[in-house]
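J.: According to Swiss-Prot, the record shows the following:
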type	residues	note
BINDING	ASP14, HIS15, GLY16, LYS17, SER18, THR19, ASN131, LYS132, ILE133, ASP134	GTP binding site
DOMAIN	2-184	domain 'tr-type G'
Amino acid sequence: MDHIRNFSIIAHIDHGKSTLADRIIQICGGLSDREMESQVLDSMDLERERGITIKAQTAALTYKARDGQVYNLNMIDTPGHVDFSYEVSRSLSACEGALLVVDASQGVEAQTVANCYTAIELGVDVIPVLNKIDLPAANPENAIAEIEDVIGIDATDATRCSAKTGLGVEDVLEALVAKVPPPKGDPEAPLQALIIDSWFDNYVGVVMLVRIVNGTLRPKDKIRMMATGAQYPVEHIGVFTPKSKNLESLSAGQVGFIIAGIKELAAAKVGDTVTLVNRPAAEPLPGFKEVKPQVFAGLYPVEANQYDALRDSLEKLKLNDASLMYEPEVSQALGFGFRCGFLGLLHMEIVQERLEREFDMDLITTAPTVVYEVLQRDGTTIMVENPAKMPEPSKIEEVREPIVTVNLYMPQDYVGSVITLCTQKRGTQINMQYHGRQVQLTYEIPMGEVVLDFFDRLKSISRGYASMDYEFKEYRAADVVKVDMLINGDKVDALSVIVHRSQSQYRGREVASKMRELIPRQMYDVAIQATIGANIIARENIKALRKNVLAKCYGGDISRKKKLLEKQKAGKKRMKQVGSVEIPQEAFLAILRVEDK
């Protein structure tokens, strides 16, 4: 066991984490040169294309150190994005050490810091590594100062390397072997294994990636999940060297996979503890929590007959993504669809993209909403994730909205515009620190404001230099109202939004005027109204198309003309009673885009 090292790599997006992983695999001979391709561990096309890591992956490698000893290195690749922070904390808790990769030309960024703090809280040893030192813009001294300043770990002897050219990667491995402690654990104790990740394979069912903390596991053992209590016989166990390789046993300190013929992913929850049925552990490993979706949106097929196909696609995605929630919902305007829950905005985009790309779906997405806590007059509290479920204003005692703590990092030139943005979004400033040229701002902002377009606007006002991460803090009472859109007195449910009262008038006017442009003129007048409860806050009229009924009258008596006009008016009135206004699909899409502005 003294020769096992479990480590993961922490880095901000694009700081070269996956490339470094590739080099390490190559040096340790995990794959032949022929099988080597860039970003070996990012197995999803979308991961490669966006250059982000979504699922955790592992590789068990052997490394012959300079002192002649052979070490078993278990590398656990972690996602870097804030939406997947729970997966990160699980990956990190399976390690004893973490390589903190910092781009020598860019310095420390927000998500690096967020994940690094998670690592330090879990008691993982952090080893700083400066990557991309082959770039002409690299400034290692500056980066070292930032690491010490912002994160507060000693970085004077940080290893310098360039993952692209392979320079200095062996020094990184030497530092790993020297500084990361070997795993603690007792191979004889009752089995405790932490599920780091799980995914669905078409041939063998659910594959669980585990770190054995105590005990030993062999094929044919019966295992039990401690969170759900489900039991399964083990079929295969082994390790990934990125390719899978079956073994006869996995014992304390090792990281490997278990295949046990599990049919659905919900049974193998990330962070759960696996133990043996006939010799169970006394208690599960700490830190398990159910992941709750934070952002909700409605997904509707453009063609109504694709509803079943959409349901199948969501089921298939759910096999590989336990944090995706969905339930069917019906909208009068958009027909049948699903209300889906996501961890955050990136997660939502990825799910949408995978549906469109891997399953060929055409989707309409309603504006994302967050979960509000509503205290009703009768004393009950309900959680509202869909504007349509919001009770009438007369029944509401108070509404509480989720508040998130946002950490922002940016060069000091952009501080002014970022502060303005945060204030527009009803943020309150908590803290502001200068670290050399970088500034760290901490704000508390309502989550509903963050999910709409905060990230895009932050990037555009800071020319892409600002980075952010956020975490949920608490529910807080707020003056939020539901704005409904009426067309000729009928509610259009898909366009209801929940906004802060201060923005409700502007929002109502904006949507009403947009609808006026987009709804084609009818044979009768159409009134578009925005309402809060029974109060109308904005109105637009679309005038009727009308025939010139006086054309055949040439001169003649005024009473004759009046009679014809009255007759036309009565006809229009009758039409208005029976007619219903069809809203074209383009109008919906355009209105949902207004909300992104």
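Each residue, glycine too, has its Cβ placed from N, Cα and C.
I would like each feature placed in context: is it buried or exposed, what are its neighbours, and how far apart are things?
T.: The 10 Å shell around the Cβ of ILE133 (GTP binding site) contains 19 further Cβ atoms across the protein chains shown.
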J.: Have a look around SER18 (GTP binding site) and count the other CB atoms within 10 A of its CB, chains all included.
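T.: Summing over all protein chains shown, SER18 (GTP binding site) has 24 other Cβ atoms within 10 Å.
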J.: Including all protein chains shown, what's the count of other C-beta atoms within 10 A of the C-beta of ASN131 (GTP binding site)?
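T.: Its Cβ shell of radius 10 Å holds 30 other Cβ atoms.
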J.: Taking only same-chain residues 6+ apart in sequence, whose CB is under 8 Å from that of GLY16 (GTP binding site), what do you get?
T.: VAL101, ASP103, ASN131, LYS132, ALA163, LYS164
